């Protein structure tokens, strides 16, 4: 067994152990406090834990399937996220072709370029080509009402749901000396740090949360949850330095940046939800809401993590 | 035999496609699932409307649900008639009174007598206007009078008009919700106008608050 595979197995066992623990706690809480399923918070907690099992299972399958598996998984995530996003924005009939192009051209081409490892084109395809071509497609229909608003929203949707989200699998294209063949562990590192930060903020907030941190944006987020979650997720990330090309100190700094970007990304996406008057982006994941509700922090941290790693560690 | 098999396959394929595209989700009324035999009446903005209702119904309700559709449209070509007749077992009615050989209300009533549920669009045609709902035709009232015991279930289909607006042939993926309301029946002494107004109001009450999506 290669070291990459054995490290992956160790990680999965660790995550599985934590989920087993979470499931047992959830079970005990449910028996004690909500035997008839009447305690909403506990039912939601258990729905979330169940969904976590499914998500970890899916990610594990994608990792086993290799590069194509990871690309397909994130292409699907982008598709579902883009669908949630476009559902909530201002569109008019004149945007039909531009939106169809976003789904059926921009999204597949973006992931194809990653598969083909055409980094140079990938990095500008949505920010430059799609950015210029989509408003052209829209303007040909001659409808000027809310035009700037409409084209901005579609471009923003593409940037967030496709371009930024695809920086997770883009980690596979980095060439880091001494780290060959282990890039999939960088994805594991990013996903574990971001998601554990979300979960730990939730746990710290539930246990010790007193002071609301952004009452207008997200009433459930507290200062205590933020500080405790970020600190403990950063510690967790530091302790995972052995799966990365980083030293423990570097892994810690990276984790801190990832968790902060994730936190603020969550706030940005919440502000959009509030503006649109919805509580969740969708209903894809039981207990969690939509896919974007789970992905928001990853989307904001992935490109920064990718570029920091690329700038300082990668040859490409 | 082969035709039946093809129809079965096509129905599964169409349902999977509709679900993959729209992540269609039913919101049931608080009183629970609709009665086994119902007349679902819905807003109409797209050819996909009845497919979406049909796709979100649980299997035991779906099996008996038959869309009521315009014969002149569905009998236009071999493909549409295969889809209309074999796949969805539609009750095909003649919308143009001059071309009628049988009474549409009579056709619907006899389908109900055979145990079917019906999916109808009382606006009569696809709504292409800015208005949320076009005024209902009177067919729903006459059907309700003929078979007063069958529950009439209002169903609001949200967003499908944005998935595939008229004149477009590439659908775009958007999340659609299908909102089922409280079943209603015609009162013994209710006038046609009163009943139609009540049915329209019941359907409209299921529509989400006006957003600036169509501003």
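Counting starts with 1 at the first residue shown.
Glycine residues also receive a Cβ, built from the backbone N, Cα and C atoms like all the rest.
TrEMBL does not curate its annotations; it predicts them automatically.
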State the residue range annotated as transmembrane segment by TrEMBL; the candidates are A:184-204, A:289-309.
A:184-204
Which residue range, A:14-33, A:94-113, is the one TrEMBL calls transmembrane segment?
A:94-113
Contact ranking winner - A:50-82, A:119-142, A:184-204, A:249-272 against the transmembrane segment (A:225-243), Cβ under 8 Å:
A:184-204
Please report, as numbers and ranges, the same-chain residues at least 6 past the borders of the transmembrane segment (A:184-204) whose CB is under 8 Å from any CB of it.
4, 7-8, 11, 15, 59, 63, 70, 168-169, 171-172, 174, 221, 224-230, 232-234, 236-237, 240, 243-245, 251, 254-255, 258-259, 262-263, 266, 297-298, 301-302, 305, 309
